[in-house]
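These notes are about the structure you will find just below.
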Amino acid sequence: MELILRERYRMMAEQGFRESIEVKEALRREETGTILDMAEMIVQAFRGNHRLFLFGNGGSAADAQHLAAEFVNRFQMDRPPLPAIALTVDSSVLTSIGNDFHFEDIFIKQLRALAQAGDVALGISTSGKSPNVVKALRWSCEHGLRTVGWVGAAGGEMDAYCDILLRAPSRVTARVQECHITVGHILCALVDEMLFGNLEQNE
């Protein structure tokens, strides 16, 4: 690789790091209280034998599945499994709803089948405008679920249907996604500590 090109690529990589760090620092300043509120809401639901449903599209679907796995299996401590369900994993359910009805119904129909009042619905959309996420949050809001939304700086349409809304302070999709998974890991750590911190202390 030519030295000039290599230097250009190095600067590009460093710029990516700087942007990510700056956005996450702004997230820390602006949204730490919001993350604590989310953790307390989810802990209250788990203590009441309720469930957490997570959903999104594309990279946000991957985040939903990732975080559901952390809750069901483990994050950083060995503890009892927690009832978190990603609505993005059953290809037969997703494709049958999309084929027979509309793609915007793929999450709401699953919630109608599985969710109960008191459960938590967590919708993830970098734009805040994903029709299937907005529709599922609206239904959840109307049927007694607690609702959480993760969006980017643009905000979108989810605010009206969310008890708690977290805004990643960027309009760049990649930076928003990086914020969301960071928040997810912090959320898992907080929920574990609030529910099971005594397990680590007793080891």
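Every residue gets a Cβ built from N, Cα and C, even glycine.
The feature domain 'SIS' is assigned by TrEMBL to 42-203.
Positions annotated as substrate binding site by TrEMBL: Asn57, Gly58, Gly59, Glu70, Asn99, Asp100, Ser125, Thr126, Ser127, Ser130, Gln177. In the three-state DSSP classification, Ser127 (substrate binding site) falls within coil.
Under the DSSP three-state reduction, Gln177 (substrate binding site) is assigned to helix. According to TrEMBL, the Zn(2+) binding site annotation covers His66, Glu70, Gln177, His185.
Comparing the binding-site residues Asn99, Ser125, Gln177 by how many other C-beta atoms lie within 10 angstroms of each C-beta, the top residue is Ser125.
Neighbour density for Asn57 (substrate binding site): within 10 A of its CB lie 20 other CB atoms from the protein chains shown. Here the Cβ of Ser127 (substrate binding site) has 18 other Cβ atoms within 10 Å, regardless of which shown protein chain they belong to.
A straight line from the CA of Asn99 (substrate binding site) to the CA of Glu70 (Zn(2+) binding site) spans 31 Å.
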